[in-house]
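*Asks:* Questions regarding the structure given below will be posed in turn.
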Amino acid sequence: MSGFFAAIVEAVSAFLGIIDPLCGPVGIFNLFAGDTLLACGNAGWGDEIAFGFLVTASLAIATLPVGLVIGFFIALAKQSEEKSLRLSANIYTTLFRGLPELLTLFIVYYGLQILVQNLAAALGYGGAVEINAFFAGMIALGVVFSAYCSEVLLSAFKAIPRGQYEAGYALGLHHGRTMRLIVLPQLIRVALPGLGNLWMALLKDTALVSVIGLPDILRQTGVAARVTKEAFQFYAIACLLFLVLAFLSSLVFSAIEGWAKRSEVAR
Amino acid sequence: MSVVTTLIPPQAPPEAPPKPFTAGRFFGNIFMGVWLALTVGVFLMIVGGWDPEKFTRYGPSYLSGLGVTLLLVGLSVVLGGLISLPLAFARMSKNPVFSWLAYGYVYFFRGTPLLTQLFLVYYGLGSFSAELKAWGLWWFFRDAWNCALLTFTLNTAAYQAEILRGAIESVPRGQHEGAAALGLPKKIAFFKVVLPQALIVALRPYGNEIILMIKGSAIVAIVTVFDLMGETRRAFSRTFDYQAYLWAALLYLLMVELLRNLWAWLELRLTRHLKR
């Protein structure tokens, strides 16, 4: 059975290797930079940078659902009738919108390390504990993203008239189903431009995680720059790759926006 | 005929029904408890690890770091504001060469992380030291502080140009036409009619941009500038005391909240004629 899974994994990775836009057989680095510093394989830095590209993209994509879900519940808490819930949600957003992302990252990274270490010591395990940089980055960026996201969603909630909820209740829908079937689809349409901006900010903030050692675009190009002494070329490539990511996500967002507005009358 | 002889004595109002213990209240209490516990924990940590020697040793360096951060942000916001003026006009100009150049500039600086731009200037231009020495510019690019100032200025210029452009374009056409009908020259119409209305629209985004710059300026610590974050990292690497980060967090929060409240007051003050 494990051989079967290994075969599947191998097939998938072989397929990904073929369509890999940077280092595959028809990859940009292979076609245009075959015999330069950017060559793939052992000759150049192409494959390392391609891996960094993948890490950056996957960190941003993994953070997005975490931030969205937390942000949604924070937005709900902010418009709740319960005073303590509102207050605690406001403390959360004030805190994480006011702190620099880099500082949040350090606080989460070292704080988690200390916390886990103390817990492990209490359980009788004395060794050193290392927190995964990807995980720490995901938490720190997710927390910051959710704080901003809650503001965007809150203003989107305010744009939905009270009558929409009442109509849902009049149809006999439960509170949760009213939210899911009636409010959420309209909420997405209103909040999408703001969420697009937040996604761009998140994409740029992932560069900070290179500071705690995650091998993302910036870290990989930085290592290449230090080894080859061609700093300008490699950091320019890092900038270009981030621009490519920004461009791709703007394409995706305009597609989603078109999908969300498909029911509106064309003006 | 009946006559009222006695009044019903005053009675206490009926008792309020007990507040239902809803799920919201439950979670609200839990989260408030978590915040309270965290506050108490941080307080105990600071009190428990209080070391007057550390305080006298690193306290002044925190203050000097704060000064560096404020100077860097202030200078770059002002210089960036100056650069953003021609940039915004180039972006709005009818000449496609200018508008595309400005668009490319803005797209580059808004589409890439500030950290990457900083590395590109500090390490990237630093690798051309021979050429820079020949041009007599090496003294500027040798210093990390200058590189950070240059990067931040260019970066915030791109953002401020977009803010300014959006604000100027938000002024209705009728205002231009009204000024033209009054016989005002284009220049005077722009400075006396359009710009004051545009700046009120731009006020809030400008405040957000300054806050973003304060928060973004923490990354200069990575290229060896000892701003507030840099001093914090130095203190942490020497003492391994987690408090170092908590003090920095407190100072950053203080700065951002002060600025936010100042901006709210400013906006209230400047838009008081628009209130109905």
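Note: Cβ is positioned from N, Cα and C throughout, glycine not excepted.
Annotations in TrEMBL come from automatic prediction, not curation.
Residues annotated as transmembrane segment in TrEMBL: A:7-29, A:49-77, A:89-111, A:131-154, A:187-212, A:232-253. The feature domain 'ABC transmembrane type-1' is assigned by TrEMBL to A:53-253.
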*Asks:* Determine which recorded stretch among A:49-77, A:89-111, A:187-212, A:232-253 has the most C-beta pairs below 8 angstroms with the transmembrane segment (A:131-154).
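*Replies:* The listed stretch sharing the most Cβ pairs with the transmembrane segment (A:131-154) is A:49-77.
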*Asks:* What stretch, picked from A:89-111, A:187-212, A:232-253, has the most CB pairs under 8 A with the transmembrane segment (A:49-77)?
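*Replies:* Selected stretch: A:187-212, with the most Cβ pairs under 8 Å.
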*Asks:* Residue list, the transmembrane segment (A:187-212) vs rest of chain: Cβ under 8 Å, 6 or more residues beyond ends.
*Replies:* 56, 59-60, 63-64, 67-68, 101-102, 105-106, 109, 133-134, 136-137, 140-141, 144-145, 148-149, 152-153, 155-157, 159-160, 218-219, 222, 242, 245-246, 249-250, 253, 256-257, 260-261
*Asks:* Can you name the far-off residues of the same chain, 6+ from the ends of the transmembrane segment (A:89-111), with a Cβ under 8 Å from a Cβ of it?
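*Replies:* Result: 74, 77-78, 131, 133, 136-137, 139-141, 143-144, 146-148, 150-151, 205, 208-209, 211-212.
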